[in-house]
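Here is what TrEMBL records for this protein:
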- B:20-40: transmembrane segment (TRANSMEM)
- B:65-94: transmembrane segment (TRANSMEM)
- B:106-131: transmembrane segment (TRANSMEM)
- B:151-171: transmembrane segment (TRANSMEM)
- B:183-202: transmembrane segment (TRANSMEM)
- B:236-259: transmembrane segment (TRANSMEM)
């Protein structure tokens, strides 16, 4: 079974605030789709609308072509982890998974399977109230996997995790996509998705800013720039600027040059007798690409921030 | 619906508080009933028969306190999910909200009915033991309490229904208010404060009106087995008043639960 998570023209207003403003995108089977935007951009609200928890003012969200609320065994179509702390503190982890399984007619042995899959075997019989954040995330992921769904959705799954936990989740997301599932994962930090996502939907102020493959985005952000290392940065920058290049000081002895091909840079520096120790095509990080995209869309300002639920 | 019921039953069963509340419900019904029954004897009456004591009602008076447990259980069924944040998980597993609420109402009713039945039978048994020692003997016109006796059976069965209805009233309030503490407070205030207000009203006509529409006074009319003509409202009609409150709360809670974002 394959399933696509599809969002079409979603709009949601909370009082005077337009939280989601005509959002459309698709999370396709076999890919990890990163859903990125600053805090308050509307990521959680969008995910809640996909799950039918919040009703959109306009537009629709479909899972495998159907609205979530029309699904008879929804956990077998879309597994989701929105808020890992949303577990009753007095209920044992195993019992939390049990009632979810019962609600969708999922066989009891599947509860044991996801407990093992999420590495919760040793704590499954303890009340969830004593769990660390990392264990709660694992329990949330176990719950999402319970129905063996073809589509999965995680809201900020690595938020607050230690590096080991981050690596585990990244690997898990990759393997779920490799099995042909559609995986939608939100984050407010692009760096968290570095090497983890195939496709990106970047949003800001409730709108899509970019909907692109990770490879294309990086190529565009790296676009025609050259990284230069030189012990005499000042003279190098002056010489290159005189030739019409745009130059920017980067790290201590590095300069980022755009507007001149690498061969021409070498010629200019040689002619001006400026020594240099390295020259390479610039490779943008996801973080840089993201900063460039969201420069105009960042709405997080002091005193007005906070993710709306 | 059967899956939703199964899920809600598992949810109810796997919280330690459920067991404690149900045990308290039964225990308080028996113990308070026994304490009240033990504190009354015929010595203050001219003749033992002249006391005209409604002995089944006396034996079942523990529910006035025990209903707190039923109210708490009902309120926690929905309000507890908002407090723990599990309401989102519940509605992603069962997106049809009316189904969720109906399943919760069913399992809470079943649990309260079971523990209420145990408590009520225990209270009747305690009354049967205690009452004759205090002068309420068959010779004086007080037959031994028995759940098989017509009027006592009605009082006992009605008391179990009373407990179920208070739990449902609280469940509806929990769904409407989305907060257990607020729902428990509101329901207990409705149950306990209206009778107090009624007793403060000097005007007899108004006092009877209040007694007829106060959910606890009206609902507990079902426990009466003597002088029914002097009750402000008939036994079943009184329980009907409480049922109307419960239905109204469930409809209000259900409407809000179905319409609002989770």
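Keep in mind that glycine also has a Cβ here, set from the backbone N, Cα and C atoms.
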Inquiry  = Which residues of the chain, 6 or more past the ends of the transmembrane segment (B:236-259), have a CB below 8 A from one of its CBs?
reply    = 78, 97-98, 100-101, 105, 158, 161-162, 165-166, 168-176, 190, 212-213, 215-222
Request  = Could you tell me whether the transmembrane segment (B:20-40) and the transmembrane segment (B:106-131) are in contact, taking contact to mean 3+ Cβ pairs under 8 Å with a sequence separation of 6 or more?
outcome  = yes
Ask   = Near the transmembrane segment (B:20-40), which residues from the same chain, at least 6 beyond its ends, have a CB less than 8 A from one of its CBs?
value = 53, 55, 58-66, 68-70, 72-73, 76, 111-112, 114-116, 118-120, 122-123, 126-127, 130-131, 134, 163
